[in-house]
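Below is one structure, written out as structure tokens; comments come after it.
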Amino acid sequence: MHQSIYHHNKEFVLESGEIIPSFHLQYTTYGKLNATKSNVVWVFHALTANSEAADWWPGLIGRGKIFNPEKHFIICVNVPGSCYGSISPLDINAKTNQPYYHEFPIFTLRDIVKTFQHLRQYLQIEKIWIGIGGSLGGMQLLEWAISEPEIFENIIPIGTNAKQSPWGIALNASQRMSIEADATWKEKSDKAGLEGLKVARSIALLSYRDYNAYNTTQQGITEDSRNYSIDKQIYRAETYQKYQGEKLAKRFNAFSYYNLSRTMDSHDVGRGRDSTETALSIIKAKTLVIGIFSDILFPPEEQMFIANNITNAEIHIINSLFGHDGFLLEFDTIEKIIGNFLNKKNLKNE
Ligand SMILES: CC(=O)SCCNC(=O)CCNC(=O)[C@H](O)C(C)(C)COP(=O)(O)OP(=O)(O)OC[C@H]1O[C@@H](n2cnc3c(N)ncnc32)[C@H](O)[C@@H]1OP(=O)(O)O
Ligand SMILES: N[C@@H](CCO)C(=O)O
């Protein structure tokens with residue numbers, strides 16, 4: 001594993017028209033580029049992950065796995081706006097000499113892809129054998145496969161969409177409202193909005209799981225409250241929500257979260273390209289779309305829409321108890337589907 005930072009010390013114009021003096025990207029690589037540079041696997045991470053893809057996708061990336069550093073050159077880049085090493089709201093704004101905080105510009109998916117294209121050129125990568133990503137990662141992948149259709153040989157978008165849905169926007173807007181309602185949110189401090197962030201994660205989690213998941217894992221009351229009277233009992237589903245909020249607040253910040261949710265809401269591969277369908281039809285890569293039946297955030301209909309509009313795309317919808325988060329947990333099933341796809345297409349995986 002190798003971690004690096006790419007510094008782009010030139011002005012960068014965002015889709016909004018805002019100009020930033022420079023940007024930097026934290027990226028992690030596993031394995032080596034082969035002589036023909038034909039073994040690149042570009043992994044795109046989701047909302048709160050980082051560039052260390054083998055850590056959060058251990059069932060897919062690693063020695064003996066389908067994406068194997070002994071054979072492949074695997075790269076994952078932390079998205080601009082996130083808090084794991086790339087340009088972020090906590091960085092110093094050269095114009096004010098203060099952290100950006102609330103002034104951090106929104107990177108659209110198209111802006112993110114443009115920063116990745118600079119990194120690709122810097123690394124002298126001409127072709128990407130496989131691009132793969134779930135959720136926000138899939139959004140990056142689709143946007144890139146449309147803006148540079150010659151670059152990707154194969155793409156595997158998972159649990160994602162081509163345009164953020166009103167449902168997704170409503171969920172993100174509610175999460176932003178919870179951050180805005182935090183009395184500390186207006187403060188210029190790294191810790192501003194952390195209580196609101198906890199609530200935001202709790203709201204988000206409801207869309208990452210579903211009714212059955214909670215029924216299966218969060219029945220009943222906590223051990224501690226077993227002898228309490230009925231009005232004082234504490235429900236496991238409640239402590240779960242609270243715990244998940246606390247857990248995120250320990251490793252993330254409200255500024256990155258707020259901004260990345262705006263990034264997601266701006267997602268529309270059809271913007272300025274006639275229509276979403278037309279945009280998807282530009283993709284030339286062999287495409288495997290994977291969805292999850294229990295995903296209520298990016299439901300199977302959205303996966304079918306993607307597959308129906310990309311020439312010869314293959315689609316699989318899998319079962320998972322974990323809803324949307326199934327893309328981070330159903331390794332065995334996903335690995336098998338990818339393996340079959342590669343075999344069927346006679347794609348060498350050497
Ligand atoms: C630096 C970094 O860490 S970034 C990279 C890591 N993060 C990422 O990659 C982001 C993507 N990953 C994720 O979103 C998550 O890790 C997932 C979806 C893969 C898995 O989610 P998890 O939270 O581990 O799973 P799950 O929903 O089953 O919850 C289990 C946790 O809740 C706790 N829990 C379960 N039920 C309850 C309850 N009733 N009350 C309180 N806590 C509970 C468990 O003890 C466990 O705690 P732990 O995480 O400290 O071990
Ligand atoms: N659990 C994922 C959900 C977003 O797809 C994350 O935290 O990044």
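The first residue you see is number 1, and the count goes up from there.
Each residue, glycine too, has its Cβ placed from N, Cα and C.
Any TrEMBL annotation is an automated prediction that lacks curation.
Feature annotation from TrEMBL assigns active site, nucleophile to SER135. Sequence annotations record features per position, and here TrEMBL assigns active site to ASP295, HIS324. The substrate binding site feature in TrEMBL is assigned to ARG201, ASP325. Among the features that TrEMBL reports, domain 'AB hydrolase-1' is placed at 40-320.
Taking the Cα atom of each, ARG201 (substrate binding site) and ASP295 (active site) are about 17 angstrom apart. DSSP gives ASP325 (substrate binding site) a helix state. The Cβ of HIS324 (active site) lies under 8 Å from the Cβ of SER135, GLY159, SER207, TYR208, ARG209, ILE292, ASP295, ILE296, LEU297, PHE298, each on the same chain and at least six residues away in sequence. Taking a Cβ distance under 6 Å to any atom of ligand 2 as the criterion, the recorded positions ARG201, ASP295, ASP325 reduce to ASP325. Only ASP325, of the recorded positions ARG201, ASP295, HIS324, ASP325, place a Cβ under 6 Å from an atom of ligand 1.
Between the listed recorded positions, namely ASP295, ASP325, the fewest other CB atoms within 10 angstroms of a CB are found at ASP325. The Cβ of the residue listed as 'active site, nucleophile' has 26 other Cβ atoms within 10 Å, all protein chains considered.
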